[in-house]
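So that you can see what the record holds, here are the features copied from TrEMBL:
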DOMAIN    8-155  domain 'Phosphomannose isomerase type I catalytic'
BINDING   GLN114, HIS116, GLU141, HIS278  Zn(2+) binding site
DOMAIN    178-258  domain 'Phosphomannose isomerase type I helical insertion'
ACT_SITE  ARG297  active site
Amino acid sequence: MEASQRPLRLRCSVQNYDWGRVGVESTVARLFRQNSGREIELGRPYAEFWMGTHESGPSFVVAAEGSGTEEAVTLKEWTGANPGALGNKVVEKWGNDLPFLFKILSVAKALSIQAHPDKELARMLHKMRPSVYKDPNHKPEMAIALTEFKALCGFVSIEELKDVLVAVPEIKELLGNDEARKILSQDLNGYVDAKSFLQLVFTKLMTASKEVVSELVSKLKGRLDLENKIRTLTEKEQLVLLLEKQYQADVGIIAAFLFNYVKLSPGEALYIGPNEPHAYISGECIECMATSDNVVRAGLTPKYIDKQTLCSMLTYKQGFPEILRGSPINPYVSRFRPPFDEFEVDRCLLPSKESVEFSAIPGPSIFVVVAGGEGRMEVSSVVEELKIMEGDVYFVPAQTEIRLSAGADGPIKLFRAGVNSRIFA
């Protein structure tokens, strides 16, 4: 059997962004410790665990014991030298690189209000500002909740926007009475009209001066603190007060009223296409995306913001996002398949002493064990089995059938990321 058909154990990268959960409270920290053997720094945030080939957080191939190989080789270098492991169709479509990036996120405080550019805009931004937009690729993505996971995603419907203008006088004040009256008085059933008014409201808010935003946030906080004494605040109002504690006087605090507030239960998923606004609020999740790190930010962040680009790039679609719950593949595996070619994700909950097979497919996969006891990975036609446990990450080449078994000491929870199977149909 060729070496390129064997699963490769990976040593993965971690990102210590300041919004991450701190120390042992972070699943990312726990998995990184198990994966790398490095100790957790107790006062440090651990935000993202990256599995893939992106240069900002590469994975390294762990040499097999007794191989005599000590030099660290990145997964990108390895796939470049062994393109057969990606499969012919993947190489034809994306070249000698993995088309998806797999992550685990541990979110303690809100991420920035952001969107990811489509391919055309990504190429232009990368050419204009390569130090900020570090690659020319788009970045559609999907998040699958490990814990309760909260996010802002997409714009509210136009009827909800009208309700916001009535219930949030600070936004009405920013727009001006004439503009607010115009929106409230019109029948905005047409997409073009609704989009233009929504874009007007959002752009006017996001481009307001710091002084105006600071004054409006102060008024908003004061009003909600007072009203909290005489009534129960809505979930969105409670969220806004939380954001104010995290990012004082930030325009994103007010902008939150314009977005859908989404709460995912464990095992539920949300996908986000190019040019759609979103902000993760709290919780832990599995995330998969096209291989890119392009982010256009405009609020709730100390990082570089690009308000003009964000306001001009958005689709301004309205309505609550679709929630995915996975399609059963067998009793232990559910598949999450978003409308993007680059990736899909399988969620596997394997009870103690049970086994499950993952059939050979024409593309590559990455498996990560996020919780559980000790188990085994067996490769078809190979008289060898690999021990797997929490924190283990494996790259499985195309056309490799594997069998996973949970040990007697408890169930195993793992996830598989792979190229969307629709491209092989």
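Here the Cβ of each residue, glycine as well, is placed from N, Cα and C on the backbone.
Quick caveat, the model's predicted, so the values are computed rather than measured.
Taking the Cβ of HIS116 (Zn(2+) binding site) as reference, residues of its chain lying under 8 Å away and at least six apart in sequence are, in sequence order, HIS138, LYS139, PRO140, GLU141, ILE272, PRO274, ASN275, GLU276, MET289, SER292, ASN294, VAL295, VAL296. Note on the domain 'Phosphomannose isomerase type I catalytic' (8-155): DSSP counts are 41 helix, 43 strand, 64 coil. Annotated Zn(2+) site GLN114, HIS116, GLU141, HIS278; additional same-chain residues within 8 Å of its Cβ mean position, judged by their own Cβ, are ALA115, LYS139, ILE272, GLU276, PRO277, VAL295. In this structure the alpha carbons, written CA, of HIS278 (Zn(2+) binding site) and ARG297 (active site) are 10 Å apart.
There are 24 other Cβ atoms within 10 Å of the Cβ belonging to GLN114 (Zn(2+) binding site). Sequence-distant contacts (6 or more apart, same chain, Cβ under 8 Å) of the residue listed as 'active site' comprise SER112, ILE113, GLN114, LYS303, TYR304, ILE305, ASP306, LEU310. For the binding-site residues given as GLU141, HIS278, the lowest number of other CB atoms within 10 Å of the residue's CB is seen at HIS278. Across the domain 'Phosphomannose isomerase type I helical insertion' (178-258), DSSP helix (H, G, I), strand (E, B) and coil residues number 62 helix, 0 strand, 19 coil. Predicted-model confidence for the domain 'Phosphomannose isomerase type I catalytic' (8-155) is 92, expressed as mean pLDDT.
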